[in-house]
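J.: Pasting the feature list from Swiss-Prot:
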DOMAIN    56-240  domain 'EngB-type G'
BINDING   64-71, 91-95, 118-121, 185-188, 219-221  GTP binding site
BINDING   Ser71, Thr93  Mg(2+) binding site
Amino acid sequence: MSEQDKKQAAIKAAQAAADAVREAQAALAEEGRLLFKKSWIFIRGVPSMKFLPPEGPVEIAFAGRSNVGKSSLINALVGKKGLARTSNTPGRTQELNYFVPDGYSGENGDLPPLALVDMPGYGFAEAPKAQVDAWTRLVFDYLRGRTTLKRVYVLIDARHGIKKNDAEVLDLLDKAAVSYQIVLTKIDKIKPAGVPRLLEETHKLTYKRAACFPGIIATSSEKGQGLDDLRAAIALLLKEY
């Protein structure tokens, strides 16, 4: 085979590999779209560990500072305004709130493939200190001890980056060996020119962490940015279980 033929063969192989990657990405995007096209419902709020539902479907949780946009992201993800209650008052979510696709009885193996868990925010709340401390214990106990929890999406406000209490939660997840991935919220609130730098800075702060799943997903609940990427990431996760 001549050198020219070798080059052409290498180019064709690279093109075939790129096509295969694109096809796989498109398939995941479609799986994510179909999963979240279903009607989703709220099933329970959990004020303490003893009220957790029986372990069954894969659970993914959304963690983050108060007012980072967890509830808004869940609503945008499932395409259902008002499913997760939102508020401009930090600390509005006071329980572990469970959401699942509708149409499953929950009995005799008729379980949904996935449960979304909206967690109380950390860092600030307009509530008595004792109540805030109780929420904090609930969050940490859940993160450490729930065997069906397969991924935590740690939401970071794009305008502020990773703060001290975010890093403390990442430390906890690393120590507990709970897989997590960073999701930037409100990406539309910063200038587009600043996004690459933000992604680079966030990557530098997280890529060496033991339990951090690679890849940072930048989202906007208001504009819909990054939602397809997040749905595809969840679809990929479900393939493992």
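First residue shown is number 1, and so on along the chain.
Cβ coordinates are placed from backbone N, Cα and C, and glycine is handled just like the others.
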J.: So if I measure Cβ to Cβ from Glu95 (GTP binding site) and keep only same-chain residues at least 6 apart in sequence, which ones fall under 8 Å?
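T.: For Glu95 (GTP binding site), the qualifying residues are Gly45, Val46, Pro47, Pro120, Leu138.
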J.: If you skip the near sequence neighbours and keep only those at least six away, which residues in the chain come within under 8 angstroms of Gly64 (GTP binding site), Cβ to Cβ?
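T.: Listed in sequence order: Lys70, Met119, Gly121, Tyr122, Val154, Leu155, Ile156, Asp157, Asp166, Thr185.
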J.: Within 10 Å of the Cβ of Ser71 (Mg(2+) binding site), how many other Cβ atoms are there?
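T.: For Ser71 (Mg(2+) binding site), the count of other Cβ atoms within 10 Å is 22.
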J.: Between Asn67, Thr219, which of the binding-site residues has the fewest other CB atoms within 10 angstroms in the structure shown?
T.: Asn67
J.: Indicate the candidate from Lys70, Lys186 with the smallest number of other Cβ atoms within 10 Å of its Cβ, considering only these binding-site residues.
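T.: Selected from the binding-site residues Lys70, Lys186 on minimum Cβ neighbours within 10 Å: Lys186.
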J.: Need one number: mean pLDDT over the domain 'EngB-type G' (56-240).
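T.: Mean pLDDT, the domain 'EngB-type G' (56-240): 88.
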